[in-house]
Amino acid sequence: MSDSITPLLLSQSDSFESKQSPPPPSLEETIERCIGDFSWVQFLQAFLVSFAWIFDAQQTFISIFTDAEPTWHCNQLGDESCNSVSDICQLSKNSWSWDFPLHTSIISEWGLECASSLVKGLPASSFFMGCLAGGFILATLADSSLGRKNMLFLSCLMMSISSLLTIFSPNVWIYSVLRFVNGFGRATIGTCAIVLSSELVGKKWRGQVGTIGFFCFTLGFLSLPAIAYVNRGSSWRTLYFWTSMPTLFYSMLVPIFVRESPRWLFVQGRTEEAVLIIKGIASTNQNISRISFSNLCFERETWNVELYSAIKILVEKKWAFRRLSAAMVAGFGIGIVYYGMPLGLGNLSFNLYLSVTLNALSELPSSMITFFIIGKLNRRSSLLGLTTLSGICSVMCVVAGKVSTMLQIGLELVSFCSACTSFGLILIYTLELFPTCVRNSAISMLRQAVVLGGAISPLLVAAGRKNRFLTFGVFGLVIGICGLFAVSLPETRDRTISDTMDEEEYKERVTLACDN
């Protein structure tokens, strides 16, 4: 039998209404009455939380430059035996040299130019495997004991410290281990950021606020080629230093300025803390004077909300498992392209700095498209269209390379932009598919699937240096096929999100009854 808690009440004038008074408002309706749809206080909180995406992007794509295989040249200009060979492993060590100092890349510093694709792709794959492990181990902590705010702080701190320690890596094996730890710490940053920012605003602005994080992620991605270009010729360790220090400083600000989600506090039964936060957020709201905090009937969850119980209930409930499975399969396909495309840019006959910058810039229109789609179009059909477009363009990259380099990079940009838009859309879509009590865990599981695609992509990129179909061809086929699973998901546009599994399950039964 479910417990009851006492959050928010209507004004005293409501007590004089007739005995047949209407049912009390839901938790979402009451919170929205207090804090309104959107205010400057809410915007600043959402922006501060979303700022973590900048550092998330830097650590995600930093290996594009640190793990890149540098260009080389023959020591003697007239040496035909050297100039006619494209694989340096077929040449003697004295006949060629790197164009830049050895310390500019891990490949040149540790002599990995002739190592297997497995070894070359190990650091990047280790990062994504760390994301998988961290997402599984840390995911439910944001829904159970720690909450969104503390989880965000812990993740940023762990990511910054591990990134700083990476500077002292003596070989590729220690480097890969530290990249694993870095990915482990980074795993829940994006999840906590998007969930926390969306739970601080009203329904009308929920999707739009979620796109703030995507803009910040783009900013972080854009900053990488700029930092790398300024430090070209310097050690790859310099990149880790200039990206880890700002992250460490930001993590110190989170406990001071970021506020916990009042929704999560209510679900946990911490009513007084939730009320204080709502009062702080609603301090500039003119309607707050008409609402007092007293007696609102709110049903808490009937199942035991403890560590990993969120994942258990997601698997046990058939409707939840069906939704989660479909979203994760689609997310896996999106992750292959989203993380793999930037890593595969070195396989194209195009300037690396320029191509990475163009890819980072393509995230700006993708964020704008996501902002438009969230407000105007259905989630399901939009996701299907975007994954299909990304798949077609990715496959065409293989053929276009034989025709024109400009056409190839153009198709690559369209494919990547579509994958970026799909990624942002499916995050917000999943946010609306699951109630507050398991929302963070559900999105974490989705990101697990996306990261799994990212973990496989470096190996495909390494293999694609000899056969481009193993990179761009496989990328396109996977995202196209996996995107079709979105057909089984219910539409959530303009729908009120739930706070408990019981509430969402009731809506599911009503929807099925209406369809029948």
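Backbone N, Cα and C define each Cβ position, glycine as well.
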Of the residue ranges 39-58, 239-258, the one that TrEMBL records as transmembrane segment:
239-258
Given the transmembrane segment (239-258), which of the listed stretches 122-141, 153-178, 184-202, 209-227 has the most Cβ pairs that are under 8 Å apart from it?
153-178
Two-stretch contact, the transmembrane segment (413-434) and the transmembrane segment (122-141), at least three Cβ pairs under 8 Å
no
Run the contact check on the transmembrane segment (122-141) against the transmembrane segment (446-463): 3 or more C-beta pairs under 8 Å, excluding pairs closer than 6 in sequence.
yes
